[in-house]
Amino acid sequence: MPNSRQRQQQRNRVCRRPDKSMLNNNLIDSFHTEFTRDSGRNDSDNFVITWKFQTLDQNSDHILDRFEYRDLRKVVRKDVKPRKCARHFPRSCDINKDGKISLQEWDNCLTRGVRMDLDVLSSALGSVSSFDEDSSEVAEDPTDCLSDRKTALAEGYQLYVPECTPDGRYQKIQCYKSAGYCWCVNEDTGKNIPGTSIKNGTPNCDHLKTNTRVMKGCPDDKKFIFLKELLAFLYTKMSEITNGTNTSFNNLAWIASKEEQVATWSFVIFDKNKSKMLERNEWKAFKDMVGGVKGLRKCGKKLPRYCDINKDRQISMTEWLECLSLKQGASSSSIPGFHASPRAGKTNPLSMLKDD
């Protein structure tokens, strides 16, 4: 547990509203100085702020990418105070976290005084994503929705607090309510899906679901039958292990879909190290299990690689559920005698997926 001195040091590193207002004043003043030196005259804040954007926008596409604002970022971090806010600029202007800054985001971000709807969005939740403009790659910090949410609430930020599912993943739609922006995210990492951000509306994230893919060695007609039989087999295993009395089994009652209950249970069982990912050694346990069942053997051995949609050699909960979903051909009739709980749809915590 941090002591009082450490807590004070942490608070001193946080860029709060008055600090961001001071940074904006200093930035705008420096833009005025630069504009006057180049043009021999002065103009309004709005004009000069737009002028600065245009000087950075080298390809005139009305968007600043990280290469275009990289030099400005270095200067600000070195010379503009307060430093605790300067280190977040201009990342703090990137409202929808797509790694680019539009003219609207730039204008909204650079405002004098205390009228700051969008001032500490990224610094409030810097763990959601961070950019290293000094390299050609985007660096991402590990994220966890429940941790990010707890941090945001503890630090008193009201602009953006991530919304989480009961099992600790990110809700697929996230919003900056005060700014009016909503966008789709990866449910496991919370990473913004480019091109989905809209203002004063709700994006349609359902159409982003991965299209049906081909499982090599397991044609669609066989895959349809395989998934039905696999879910029935997993339900039988779940019933044998829980014997209908296991409290962890009851914790699945908040899930409305019968198949999702079985898929979630199986994911937890195979996730031996509770990393919330099925890793390669855990794939082997699944293959060994289905390898002993004649009707599941052939397609079952190919399933883990098929479920690894992003090819990172591990399977997230979202990938596993997507892989075993109804869209892949399974139906509720594949689980005979299994009826949805009357509590289905309730949002009880799925404690099985949380660390001990």
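Even glycines carry a Cβ here, placed using N, Cα and C.
In TrEMBL, annotation is done automatically, which means it is predicted and not curated.
According to TrEMBL, the protein carries these features:
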type: DISULFID; residues: Cys145-Cys164; note: disulfide bond
type: DISULFID; residues: Cys175-Cys182; note: disulfide bond
type: DOMAIN; residues: 142-205; note: domain 'Thyroglobulin type-1'
type: REGION; residues: 333-356; note: region 'Disordered'
### Task
Identify, in sequence order, the residues in the chain of Cys182 (disulfide bond) that are 6 or more apart from it along the sequence and have a CB within less than 8 Å of its CB; answer 'none' if there are none.
Ile173, Gln174, Cys175, Tyr176, Ser197, Ile198, Gly201, Thr202, Pro203
### Query
Under the DSSP assignment, what numbers of helix, strand and coil residues are found in the domain 'Thyroglobulin type-1' (142-205)?
10 helix, 14 strand, 40 coil
#### Entry: disulfide-bonded residues: Cys145, Cys175 - member with fewest neighbouring CB atoms within 10 Å
Cys175
### Task
Please list residues from the chain of Cys164 (disulfide bond) whose Cβ is under 8 angstroms from its Cβ, counting only those at least six apart in sequence.
Cys145, Leu146, Arg149, Tyr170, Gln171
